[in-house]
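According to Swiss-Prot, the features are:
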ACT_SITE  CYS184  active site, cysteine persulfide intermediate
DOMAIN    130-224  domain 'Rhodanese'
Amino acid sequence: MSEKIRVLLYYKYVPIEDAQAYAAKHLEFCKSIGLKGRIIIADEGINGTVSGDYETTQKYMDWVHSDERFSDLWFKMDEEEEQAFKKMFVRYKKEIVHLGLEDNQFDEDINPLEVTGQYLNPKEFKEALLDEDTIVLDTRNDYEYDLGHFRGAVRPDIRNFRELPQWVRDNKDKFMEKRVVVYCTGGVRCEKFSGWMVREGFKDVGQLHGGIATYGKDPEVQGELWDGAMYVFDERISVPINHVDPTVISKDHFDGRPCERYVNCANPFCNKQIFASEENEAKYVRGCSPECRAHERNRYVSENGLSRQEWAARLEAIGETLPQVETV
């Protein structure tokens, strides 16, 4: 039996001098021990998800904790059968979380070390979910929400996190005077966004400390009141959260049946994320629409070595046709 793989999720807002040089040093160490994952290092802190066997991940945690800036860094841990990443990336960026505030004329960025929402532990957050006078706001991307979310949470009409500040301003009158509690995967986005809400004038702003990942592991709440699965940005795509009464809420793009399997549309110019069973992925050549299924650069066709005749036959089976190739 192969050794279990540990997946570590973590972040910390802390000033890092010469962050670019530290990113290079960080990458060198990670590669030297065989760690895999994706890490962002910025002037404002560090944010990463990495995976490896017990010995490798322990070496990494010990090395990170040996730096006084990260001596109290909180690693959230999952055990898996396989690696969550294929390669190791450490990149320097201006911020570990980009709210788009400067781009969208929302004044300067937020420093969570100076202003952030009140921390709620899993038990307190569950109480907030059950409180009719509390607004629970999901701060993640739309495709993350569609795979799974807390029961009753508000789904902002946005495509990605950077659109959230404008959406909140547009809907301010709906919950400005109410208690607002926000949540995200591991907590890093909420640290910054809850601070922005405080600066915007919201009087009572809370955040799920440690994010959904921590809520699902809490021995008391055991992920209760979470519907679906949690989206993660690695090879796993999704992880279970609710250990009390788990449900599947996402539906197959093609037949509407319960499905938690995310794939990207095979048209490289679309690339939309859709839910699809393996059977329907093959049946519809992973195209989200007739146009994408017949697109000349359909990646499912090339990846699976389908001949043009085989491709045309699959489309014909679902009542669609493959355009003829023009010849000179």
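Here the Cβ of each residue, glycine as well, is placed from N, Cα and C on the backbone.
Here the structure is a predicted model, which means the values were calculated and not measured.
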Spatial neighbours, same chain, of CYS184 (active site, cysteine persulfide intermediate) - Cβ under 8 Å, 6+ residues apart: ASP138, THR139, ARG140, CYS190, PHE193, LEU208, GLY211, ILE212
Helix, strand or coil at the residue listed as 'active site, cysteine persulfide intermediate' [DSSP, three-state]: coil
Per-state residue totals over the domain 'Rhodanese' (130-224) - DSSP helix, strand, coil: 41 helix, 18 strand, 36 coil
